[in-house]
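S.K.: I am attaching a structure below and will ask some questions about it afterwards.
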Amino acid sequence: MDNGMLSRFIMTQTLLVFCISMTLSSHFGFSQMPTSSVQDETNDNITIFTRILDGLLDGYDNRLRPGLGERITQVRTDIYVTSFGPVSDTEMEYTIDVFFRQSWKDERLRFKGPMQRLPLNNLLASKIWTPDTFFHNGKKSIAHNMTTPNKLLRLEDDGTLLYTMRLTISAECPMQLEDFPMDAHACPLKFGSYAYPNSEVVYVWTNGSTKSVVVAEDGSRLNQYHLMGQTVGTENISTSTGEYTIMTAHFHLKRKIGYFVIQTYLPCIMTVILSQVSFWLNRESVPARTVFGVTTVLTMTTLSISARNSLPKVAYATAMDWFIAVCYAFVFSALIEFATVNYFTKRGWAWDGKKALEAAKIKKKERELILNKSTNAFTTGKLTHPPNIPKEQPPAGTANAPTVSIKASEEKTAESKKTYNSISKIDKMSRIVFPILFGTFNLVYWATYLNREPVIKGATSPK
């Protein structure tokens, strides 16, 4: 009885273990089936796309443009600016870092598959036809290759291709500097096909004239300019090889004036004011006024030279040149004014001394006449002399005293005519005229240039 119960218990345990093992094995078997099926499906997709690409490139000639002999190839373009600047005034160029996008349709690359878009490796770009785009006003362009070539290529199932690359471009920016430093410029970026005329390849903007060129919010790298906006357009040029379309994007810049106010304008204004301090010094202070005049002239010369160092050597005068020239004229005029005052001061002293000497001579003659009359009256009178005094000898102090007193009075009169610490009439006028003229000039200058809208040739202003 005990043996039977024991055998039943063992059989029950064995059956239970068998059921559990079967359950576990069946569970793990079903859980692995989807994984293997997904892997098989992935491998199948890779195989399909590999066959698609091999089939697309089989017999493909990248030397021929799409639609050759049938239609004009249309290339749609747009630009995303990641970094704008710096701008060089001396070289008249600017640097820009962009994502340059081009899109076109190539019917030879149509495919049918489980996906509508194929993201492709950049190596495939060398095996298919791509537009021969070049930048007309580019001085130097760099295609980034770190860590791999910064290029993107996508293929739609209808044969539409998107080709994007990252470029750093140094381009020419013609500048008209007549209004410098209150000037504005439109720096162009021009590109188009190098070999294909309009009869074969045409370029159009992808998103119209408003959103085809976009600048990142933190993309400005400008210290002396404000980036006011950008506009796009197209140009057509005719050459001996045909008519070509040029895509143009203008970046509108407005110069910041703060740096030049601190470095040039304020020093010039202070130098002119300093030169006018000499009008308030005595005209006899020749050394002090000479130092004022010469120092301010040399200072203005130094400022004019340093102001030109940050500009290209243009043949015309800028707004800053006119300001410096007028300030230089005021400073130089102050020096000439002092020379004039000094000249007339010395001449006035000489003229006053001459008049004093002539007046002294006239008085001397009058006194001699009076003295002669008194002497004659004294000699003709009936005077009795002591016996011990001869008659020929005049009384003591009557003959030499008038002569000595006349000479002393002449010298005192001549010296008294030289009035020191006096104010020249020219200085009085200069104290009023010079500040008024300089203040009027500043009002006219700043009102003219700050309120005038700069004219930019060859570009429309951004809206």
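Note that Cβ sites are derived from N, Cα and C of the backbone, with glycine treated the same way.
Annotation source Swiss-Prot lists 4-aminobutanoate binding site at R101, T164. The ubiquitin cross-link feature in Swiss-Prot is assigned to K355. Per Swiss-Prot, the feature N-linked glycosylation site maps to N45, N145, N207, N236; the stated evidence is sequence analysis. Per Swiss-Prot, the feature region 'Disordered' maps to 387-408. The signal peptide annotation in Swiss-Prot covers 1-25 and is backed by sequence analysis. Positions annotated as topological domain 'Extracellular' by Swiss-Prot, on the basis of sequence analysis: 26-260. Summarising the annotation, Swiss-Prot assigns topological domain 'Cytoplasmic' to 341-428. Residues annotated as transmembrane segment in Swiss-Prot, with similarity to another entry given as evidence: 261-281, 287-308, 319-340, 429-449.
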S.K.: Taking every residue in the topological domain 'Cytoplasmic' (341-428), what is their average pLDDT?
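M.R.: Mean pLDDT across the topological domain 'Cytoplasmic' (341-428) comes out at 58.
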S.K.: For a quick check of understanding: among the recorded positions T164, N207, which residue's Cβ has the most other Cβ atoms within 10 Å?
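M.R.: Top count of Cβ atoms within 10 Å goes to T164.
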S.K.: In three-state terms from DSSP, label T164 (4-aminobutanoate binding site) for me.
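M.R.: Looking at the DSSP assignment, T164 (4-aminobutanoate binding site) belongs to a strand.
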S.K.: Taking only the glycosylation sites N145, N207, N236, which one has a CA atom nearest to the CA atom of R101 (4-aminobutanoate binding site)?
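M.R.: Checking each of N145, N207, N236 against R101 (4-aminobutanoate binding site), the shortest Cα distance is to N207.
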S.K.: Measuring Cα to Cα, how far is T164 (4-aminobutanoate binding site) from N145 (N-linked glycosylation site) in Å?
M.R.: 13
S.K.: For N145 (N-linked glycosylation site), which residues in the same chain are close in space, meaning a Cβ under 8 Å from its Cβ, but six or more apart along the sequence?
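M.R.: Counting only residues 6 or more apart in sequence, N145 (N-linked glycosylation site) has no Cβ neighbour under 8 Å.
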